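Read the structure below first, then the notes.
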Amino acid sequence: MTVPPPDALRARPRTASGTRGRTGPGRGERAVERRLAFWLLLPTLVALGLIVAYPVTRAVVRSVFDDPIRGDPDFVGFANYAEALWGFERVEFWNAFANTVLFTVVTVTIETLLGLAMALVMHRAFRGRGIVRVAVLLPWALPTAVSAVMWGWMLQPDGVVNALLGTDIVWGGSEWPAKWSIIFAEVWKTSPFVALLILAGLQTIPPHLYEAAAIDGASAWKRFTSITLPLVKPALVVAVLFRTLDALRMYDLPQILTGGANNTDTLSMLVVQAATSELRQGYGGALSTITFLFVFLCAFLLIRTIGANVFAGFGGEGGARR
């Protein structure tokens with residue numbers, strides 16, 4: 001049997017006159033709620049704007065000046081940007097860019113699938129569920145530095161990972177084993193965060209939808225694809241957005257685990273290296289500005305493509321249909 005879509009299952013009842021009954025707030029009430037939400041968020045938005053505006057502005061201004069050994073810096077326009085993108089440093093920059101994209105795509109994909117599976121398990125009622133939830137969230141609760149050091153020990157040639165796999169791989173000795181070690185550690189660290197967000201979405205699904213589908217004879221897979229997945233999409237999108245933006249700024253875990261060796265640098269690692277270790281403030285400012293614009297563009301595209309489509313039915317007239 002086919003399962004009616006979630007919107008149909010939760011449609012508003014019709015009144016005696018044949019029109020749909022009003023179960024949600026009116027347009028005026030929604031406008032008041034939006035204004036109240038805006039004023040409540042305004043202090044936080046102003047504070048974040050001030051905190052973010054200063055370092056971003058300083059980095060942009062500094063990026064158009066050179067780095068003299070002594071004396072005042074001279075204005076050089078976009079020379080630092082050209083050096084990063086097309087100049088002598090281009091190989092280092094584009095390698096770090098490719099690594100950042102690789103780590104982001106692979107880790108976010110695995111974390112989303114693994115987090116969804118973990119959330120579905122934790123959502124079920126079983127004996128000891130509270131203990132399982134605490135155990136699952138422990139990796140996310142650990143500081144990233146602690147996780148990186150711990151994985152460094154386990155990935156030693158005589159470590160736990162090689163013992164379990166029955167191999168003698170030198171994980172930090174060549175490019176791809178080093179990259180996979182970063183991916184493994186990142187997935188282990190942040191999958192619980194994705195699971196937590198998805199679990200929150202699962203707990204908002206009304207149980208009567210599953211009961212109605214079961215009465216119609218829908219299989220477990222049909223209930224998952226027709227009810228669970230559509231209704232958990234907002235939480236899923238939030239998890240993907242958060243993790244994508246976080247992974248694009250990845251710094252501490254690869255820095256501690258590999259130090260950038262064997263072509264494992266990320267864009268954030270290049271920024272810190274240029275601005276601190278090499279004392280190239282102008283070039284570091286250009287790198288940080290490029291990284292900021294890249295992350296901003298990714299966030300904008302994600303929100304416009306998947307975010308807007310998912311949340312379109314949760315506001316305005318769509319919100320009245322809930």
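Any Cβ shown, glycine's included, is placed from N, Cα and C.
Remember, predicted model here, so these are calculated numbers, not experimental data.
Annotation source TrEMBL lists domain 'ABC transmembrane type-1' at 97-302.
The annotation region 'Disordered' is assigned in TrEMBL to 1-28.
Within the chain carrying the transmembrane segment (36-56), a Cβ under 8 angstroms from the stretch's Cβ atoms is held by residues 289, 292, all 6 or more beyond its ends. TrEMBL lists 36-56 (among others) with the feature transmembrane segment.
Under the heading transmembrane segment, TrEMBL lists 96-122 (among others).
Residues annotated as transmembrane segment in TrEMBL: 134-154 (among others). Outside the transmembrane segment (134-154), and at least 6 residues removed from its termini, the chain residues within Cβ reach (under 8 Å) are 118, 122, 160-161, 181, 184-185, 188-193, 195-196, 252-253, 256-257.
For 180-202 (among others), the entry in TrEMBL reads transmembrane segment. Panel annotation: around the transmembrane segment (180-202), residues 103, 106-107, 110-112, 114-116, 118-120, 122-123, 136-140, 142, 144, 147-148, 151, 155, 171-172, 228, 231-232, 234-236, 238-239, 242-243, 246-247, 250, 253-254, 257-258, 264 of the same chain, lying at least six beyond its termini, place a Cβ under 8 Å from a Cβ of the stretch.
Positions annotated as transmembrane segment by TrEMBL: 223-242 (among others).
Taken from TrEMBL, the feature transmembrane segment covers 283-303 (among others). Taking Cβ pairs closer than 8 Å, the transmembrane segment (283-303) reaches residues 56, 58-63, 67, 80-81, 83-85, 89, 93, 97, 240-241, 244-245, 248-249, 267-268, 270-272, 274-276 in its own chain, all 6 or more past its ends.
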